[in-house]
Amino acid sequence: LPLLLEATLLQLVSGFRRPFYNGFYYNHIMNDKGNGQEEVDYFNGAKLVVETSKDPVYSSNGANVTLPCRYYYEPDLEFKPKIRIKWSKLRDDYTKDQDVLVAIGKTYVSFGDFQGRAHLHQTGRHEASLVVSDVRLQDDGKYRCEVIDGLEDESDVVELRLQGIVFPYQPPLGQYKLNFHEAERVCQEQGAILATFNQLFQSWSEGLDWCNAGWLADGTVQYPIRLPRKECGGVHLAPGIRTYGPRHRHLHRFDAFCFSSGLRGEVFFLDHPTGMTLEEAKQNCQNAEAEIARVGQLYSAWKFLGLDRCDAGWLADGSVRYPIVKPRANCGPAEPGVRSFGFPSKGRFGVFCYKER
């Protein structure tokens, strides 16, 4: 029986004979007269209601999170119908939803990046909550909880937000050198992903002001402005997110806005009386049983762990930066932030290392 249920679940998601957008088809039930005729499940007379959290659910990289979902009937039913549950993740570009999990009873199948990380939390009656373990950066977004009872199909949406930070990124080659796919790659190389519009907007509301346009995860190009000025759209425009709209993902070139969340380890600074070259810096991190830190890791350590160091250090991409929580004399501008010396071709500095816990 469990194998049969699992096979049924796989068929439901694969699109086999499905006339509905939600990935399920409604089985015709053989009648008990044995004459080969079929009859369909009919509406049971009760209204199915599905509810999730109206407020976003917050989590961080590497944590476990529960996305609440419950269903009930109006009026309540005395018998327990055979319920099918489907969780899916909505995509930023409004293409087909990403399958997360489908279940009938206690048998479920999870899919793609969620295999081994997603399961149902059904401790109470009419509960269909989703548990995601080892949360990843790309898990941020909106999820649909869908409940199917015969011909009834109701759903609701809940948003998972990762506590994180958006940072602008330029490669060593300089400004506006990245097409969309290259922007995706450089963010990943820095322990991050391309930011969504919601993540950029949140960072703008917290003070991010950046005049260079950068790619976002949906293929649009935008930039956040807190202080309107001539070279950033004009002085007469209100503060906000400036947008170029969708751009050609291969031909057009801009910078990138990357998103990084909490760390599973620590970032620490190593110094040497005479400083270090980049190669020496990498080796010194390895000697400390660590690795040279990435840009996203330094931003996360600054944002969430309060890393404050007025000493410039190498990072994995060949840039030299330092994080300031409490601005002070000889440590750059009067506001907190991660300062950058760019990508020096030579010079000797300290190094920021990253070590997993």
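Note: Cβ is positioned from N, Cα and C throughout, glycine not excepted.
The record in TrEMBL pairs CYS331 in a disulfide bond with CYS310, which is drawn from CYS310, CYS353. When the candidates CYS211, CYS258 are compared with TrEMBL, only one is recorded as disulfide-bonded to CYS232, and it is CYS211.
According to DSSP, the domain 'Link' (266-355) comprises 20 helix, 26 strand, 44 coil. The Cβ of CYS331 (disulfide bond) has CYS310, TYR322, ILE324, ARG339 as same-chain neighbours under 8 Å, each 6 or more residues away in sequence.
Fewest other C-beta atoms within 10 angstroms, among the disulfide-bonded residues CYS232, CYS310, are seen around CYS310.
Residues belonging to the domain 'Link' (165-260) score a mean pLDDT of 96 in the model.
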